[in-house]
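Enquirer: Have a look at the structure that comes next, please.
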There are 2 protein chains.
Amino acid sequence: MLRIITEQTEALTELRRICDRTHDDQIFNKEATVREVLQAVKRQGDKALLHYTAEFDGQNLNIEDLRVSGSEMDAAYQQVSKELLNAIQLACKNIEAFHRQRVPKSWVQFGEDDVVLGKRYTPVDRAGLYVPGGRASYPSTVMMNAVPAKVAGVPKIVMVTPPGPNKTVNAAVLVAAQEAGIEEIYRVGGAQAIAALAYGTDTIPKVDVITGPGNIYVTLAKKLVYGTVGIDSLAGPSEVLIIADQTANPTYIAADMLAQAEHDPMAAAILVTTDSVLAKKVQNEVDQQLRNHQRRLLTEKAIAHYGLIVVVDSLEEAAELSNHFAPEHLELEIAEPWELLNQIRHAGAIFLGNSTPEAVGDYLAGPNHTLPTSGAARYASALGVETFMKHSSLIQYSPKALQKVANAIQVLAEAEGLPSHADSVRLRSQGKSEP
Amino acid sequence: MLRIITEQTEALTELRRICDRTHDDQIFNKEATVREVLQAVKRQGDKALLHYTAEFDGQNLNIEDLRVSGSEMDAAYQQVSKELLNAIQLACKNIEAFHRQRVPKSWVQFGEDDVVLGKRYTPVDRAGLYVPGGRASYPSTVMMNAVPAKVAGVPKIVMVTPPGPNKTVNAAVLVAAQEAGIEEIYRVGGAQAIAALAYGTDTIPKVDVITGPGNIYVTLAKKLVYGTVGIDSLAGPSEVLIIADQTANPTYIAADMLAQAEHDPMAAAILVTTDSVLAKKVQNEVDQQLRNHQRRLLTEKAIAHYGLIVVVDSLEEAAELSNHFAPEHLELEIAEPWELLNQIRHAGAIFLGNSTPEAVGDYLAGPNHTLPTSGAARYASALGVETFMKHSSLIQYSPKALQKVANAIQVLAEAEGLPSHADSVRLRSQGKSEP
């Protein structure tokens, strides 16, 4: 049964425990395995991919199996319902529309003495998207990663996903990929897939940025290859924090909490409410909705370990607790959600009002569902078009403009003990050339 | 003597070798030490900081020494020349003006059926800036990190820098910090300083983002704490690639190459030119300028190992080689630099024309000098205001809007096997409440 806490110190301790649930020292134990996989793929390429796919996924592939074939891509359309195809298309449309807002644009500005400064934005050359697979099917993950890469203008996008039984890749995933514009898909997952994208193999191209969520091995692999390639973030288990007042509906809140818990036994679902009656009702509703839940065992586990209801005195206090936790998803199920917004400092995505369940954002409202977890919302943001772009600073000085700052630069260069820095300006301002 | 290469395959191999100069397996050997330092600081706090400062920096501090005192901050102004103070103030002013351009702003957009979507930008609560120290003095590093954090509106900014002889912190560094608005400075460096910022100690506050360059221990520590806190990037040794045609001045180019090489024996300086006569002249000029160089030994080492001149047939070929290398700094010392810009895909900062030595950007043009190194310009950008900000997605649906997408969300949730996701929408669209 979902615990109810009313004491603030206890609440802070519990939130800290839940937030830190993945900062476990036992994670380090997996690092040796991951490092070994990375090294093997770096050295042996495709051969190592086949080896680890047999070992970890139980699928015996040949090199020719690695890339999903055109006929498999086509056939996937026959395996999904018209309804699902429509839903995928609606999601793609909304995600694209949102991600086309405020795409960074290059700019220059002209200053005194013909100084030109600016920024020039360009997409990365190649992006690699990781999509979890095996027995699971996450077409939404495909779209949330592929659409921003497309909008950014990335010329080459490849996707990797582990094979399920009989080497198959889920049909919904293949359809979502094609609807999002991805044609190059490889049947490989785990740390070995991350290694392939980071270092390249004969079959799989080396990319510049790797995005997408995965299990702890995938996340560790992403951390280790970061610096060789860019990554989106280190995704941990999902979490929601709901702030609710007496106007909230306990049935809806219970469903939202279970929608989080059903992802993963390590998922977290937290309600912070000013209404102790509501707290009790949500507790009962969660029990109720769990009874015939399709994923009952896993979901109960998450609720038991990382489910929590905190009763507070005011919405201000609720906001402060939420800021401490810095949740991935924050729902404001209160009468005036926009009024509380100014007190929220850290949250990956904020869902306002009783008619905005997180599921709307998970699938098709448009904003990205790849969000910072485990308190990373203190410093990080959703995956976006920016994840697939970078900029170059632009600087042009004229002889006159350089002359004016020559002395200041020389003084600074001398203070830092860097004589050629000073020379590079002095020689120009004196108009010196080689004899 | 600077080598001249004219063969393209050889050039590519050499550029690859230079680009990969820090992806050395020997780096891994230092990881055990760094991990130990991080764990010790996490467990023992200030005590570990004093221990490692004695061991690595040879300075015996008391806990009270850790924070640089107000009187020391004041006294620093007496130790710098009026000229240097003016130069620091000019740099601060220009850096601030540039970083105030296009600061991300929150926005919302209103759609059909009262749907509201948007992004809300907020600064991080706390930033920690690392400034290399000891015998060196880098006031420019202070400004390039502190000013963007200030512009982002970070409420608490702290700086760490290792103590030099007699526990001192360089006066120019202290003045630059104060001019940039930093008042909280701690006398600690190395991996132990990164640990203090990531985990917090009794004296040093835990922060949300750590920025700033350092040696290999600092960089490894940043990589290891990434995920607990945000970081700017993993900085490697500095590098410049210069594209020059027959209109370029060999004296200036030689000075620019040495300005890069004098940073570090692992710094790289590369010239790619269409003019073989220029190549020869630059080779001679570099020799000439090295003769009485204040940092001759170190600079010669960098030139010998990571200095290179490549002669190519066309500017297009030069741009392609540059894209392969993805340089931190790119100088276009050619007649029509803006015309070549479209062919440049990856570079941290681009300096256009013969009157724009890199030193202008290093110190005071305005754009940030903290730039992606070792090929990271393929996917990363300069440090900026964004480094100290993050955004929350905003989503509000109305009952009517939710009703319209209810079916699509349920279809997607069922395809992903997540029943409570479907329930959270179904219950709302049916107006269901607890009995």
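Yeah, the Cβs are placed from backbone N, Cα and C, and that goes for glycine too.
Just so you know, TrEMBL annotations never went through curation; they're auto-generated.
TrEMBL feature annotations, pasted as is:
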BINDING   A:Tyr130, A:Gln192, A:Asn215  NAD(+) binding site
BINDING   A:Ser238, A:Gln260, A:His263, A:His329, A:Asp362, A:Glu416, A:His421  substrate binding site
BINDING   A:Gln260, A:His263, A:Asp362, A:His421  Zn(2+) binding site
ACT_SITE  A:Glu328  active site, proton acceptor
ACT_SITE  A:His329  active site, proton acceptor
Enquirer: Filter the binding-site residues A:Gln192, A:Ser238, A:His263, A:Asp362, A:Glu416, A:His421: retain a residue only if its CB is under 8 A from a CB of chain B. Output in sequence order; output 'none' if empty.
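Expert: Listed binding-site residues passing the 8 Å Cβ cut to B: A:His263, A:Asp362, A:Glu416, A:His421.
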Enquirer: Let me know the largest Cα to Cα distance in Å among the substrate-binding residues A:Ser238, A:Gln260, A:His263, A:His329, A:Asp362, A:Glu416, A:His421, as an integer.
Expert: 56
Enquirer: According to DSSP, which of helix, strand or coil covers A:Tyr130 (NAD(+) binding site)?
Expert: strand
Enquirer: DSSP on A:His421 (substrate binding site), three-state: which is it?
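Expert: Its secondary structure by DSSP: helix.
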Enquirer: Just name the most isolated of the binding-site residues A:Gln192, A:Asn215, A:Ser238, A:Gln260, going by other Cβ atoms within 10 Å of its Cβ.
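Expert: Least crowded of the binding-site residues A:Gln192, A:Asn215, A:Ser238, A:Gln260, by Cβ count within 10 Å, is A:Asn215.
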Enquirer: Work through the binding-site residues one by one (A:Asn215, A:Ser238, A:Asp362, A:His421) and name whichever has its CA nearest to the CA of A:Glu328 (active site, proton acceptor).
Expert: A:Ser238
Enquirer: Work out how many Å separate A:His421 (substrate binding site) and A:Gln192 (NAD(+) binding site) at their Cα atoms, rounded off.
Expert: 45
Enquirer: Going by DSSP, give the three-state secondary structure for A:Glu328 (active site, proton acceptor).
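Expert: The three-state answer is coil.
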Enquirer: I need the CA-to-CA distance for A:His263 (substrate binding site) versus A:Tyr130 (NAD(+) binding site), whole Å please.
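Expert: About 18 Å separate the Cα atoms of these two residues.
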Enquirer: I need the nearest neighbour of A:Gln260 (substrate binding site) among the binding-site residues A:Tyr130, A:Gln192, A:Asn215, using C-alpha distances.
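Expert: Looking at Cα distances from A:Gln260 (substrate binding site), the smallest one goes to A:Asn215.
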Enquirer: So which other residues, same chain and not among A:Tyr130, A:Gln192, A:Asn215, have a Cβ within 8 Å of the centroid of the Cβ atoms at the NAD(+) site?
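Expert: Going along the sequence, the neighbours come out as A:Pro132, A:Val160, A:Pro162, A:Gly189, A:Gly190, A:Ala191, A:Ala193, A:Ile194, A:Gly214, A:Tyr217, A:Val218, A:Ala221.
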Enquirer: What is the Cβ neighbour count of A:Glu328 (active site, proton acceptor) at a 10 Å cut-off, with all protein chains included?
Expert: 29
Enquirer: Give the sequence-ordered list of residues that share a chain with A:His329 (substrate binding site), lie 6 or more positions from it, and have CB atoms under 8 Å from its CB.
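Expert: Listed in sequence order: A:Ser238, A:Glu239, A:Val240, A:Leu241, A:Gln260, A:Ala347, A:Gly348, A:Ala349, A:Phe351, A:Glu358, A:Gly361, A:Leu371.
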